[in-house]
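Q: Feature list, courtesy of TrEMBL:
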type	residues	note
DOMAIN	2-258	domain 'Heme-copper oxidase subunit III family profile'
TRANSMEM	12-32	transmembrane segment
TRANSMEM	38-56	transmembrane segment
TRANSMEM	77-99	transmembrane segment
TRANSMEM	152-176	transmembrane segment
TRANSMEM	188-216	transmembrane segment
TRANSMEM	236-256	transmembrane segment
Amino acid sequence: MKRCPFHRVDHSPWPFLTAWGLGLTAISFVQFLHGEPLYWVLVSLGGSVLCIYWWFVDIVTEATFMGKHTIRVQRGIRIGFCFFLLSESMFFISFFWAFFHSALAPSMVCGFYWPPEMETMKCTGIPLINTGLLLGTIYPCNVAQSAVKAGFFYTFLLWLGIVMVMGAFFVGLQAWEYYTAKFTMADGIYGSCFFALTGLHGLHVIGGLVFLFVAWSRGLLGHFSSDRHLNLTFAVWYWHFVDGIWVVVYSFVYVWSNWGWQWSFSELFVKFVSPVVYYLDHYYENY
């Protein structure tokens, strides 16, 4: 009988249990916001994490030791992961949409100014250092991936470890920035947009670090070869996605909102449009 190139997935309880665990986590978190104890949130979240862990243990076993992830299966997984990154992009676009809706047309709620007349987050200092850290991980990520393809696994472990250390520093500095911020999420539209965008990105950085750590651990255990290292490829793709999102976040949420953009539209007209109109009118009067 000819072997099928596709993977016929065995029956597994983990998708069902994971869905239940995440649903209970959401419900218990809503109850926590209404005064219930945090205990049930931690229990349901811990159960969800355990279900996800054993689910991925089964996937790694099928891929590495049972040989069920054939070339055809890997092609489908690549396409699925690309669609996952696309869905993540749409997720961030929705948050950026909220930011630009308020930034490009400030309403009366924020005094027709963007950002509102408050002490905003500076674009130098910690944010600039974090930008350097994330952009600095691009080179070691690519070196680690090239090292695996060439069969230099010690080099791969070294450079991927450097990436994880730099990412951990990013998360630590982001937490310190939140701790020392002069405003909170409750301080108007600016505070909500700032903490929503940077916090969402920070969660994705933590997820990317977990992704990279799994790839590093599997490399240490000898699960990868120069031809089969799909886990590492996806981890690097995801990390580059996180880098790209941060460039957009830093450019608009920090730089664009901080360097001289605290004007209303009437002030913009007075500062820029009126001198041009006056110059053109004076020019045509003389000639």
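For all residues, glycine too, the Cβ spot is worked out from N, Cα and C.
Automated prediction, rather than curation, is the source of TrEMBL annotations.
Since we're looking at a predicted model, the values are computed, not measured.
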Q: Hey, which of 38-56, 152-176, 236-256 has the most Cβ-Cβ pairs under 8 Å against the transmembrane segment (12-32)?
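A: Most contacts with the transmembrane segment (12-32): 38-56.
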Q: Given a Cβ distance threshold of under 8 angstroms, which distant residues of the chain, six or more beyond its ends, lie next to the transmembrane segment (152-176)?
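A: The answer is 126, 129-130, 133-134, 136-137, 140-141, 143-145, 198, 202, 205-206, 208-209, 212-213, 215-216, 219-220, 224, 232, 239.
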Q: What residues elsewhere in the chain lie close to the transmembrane segment (236-256), defined as a C-beta under 8 angstroms and at least 6 residues from its ends?
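A: Long-range Cβ neighbours of the transmembrane segment (236-256): 81, 85, 88-89, 92, 96, 99-100, 103, 121-123, 127, 130-131, 134-135, 137-138, 141-142, 144-145, 163, 167, 193-194, 197-198, 201, 204-205, 207-208, 211-212.
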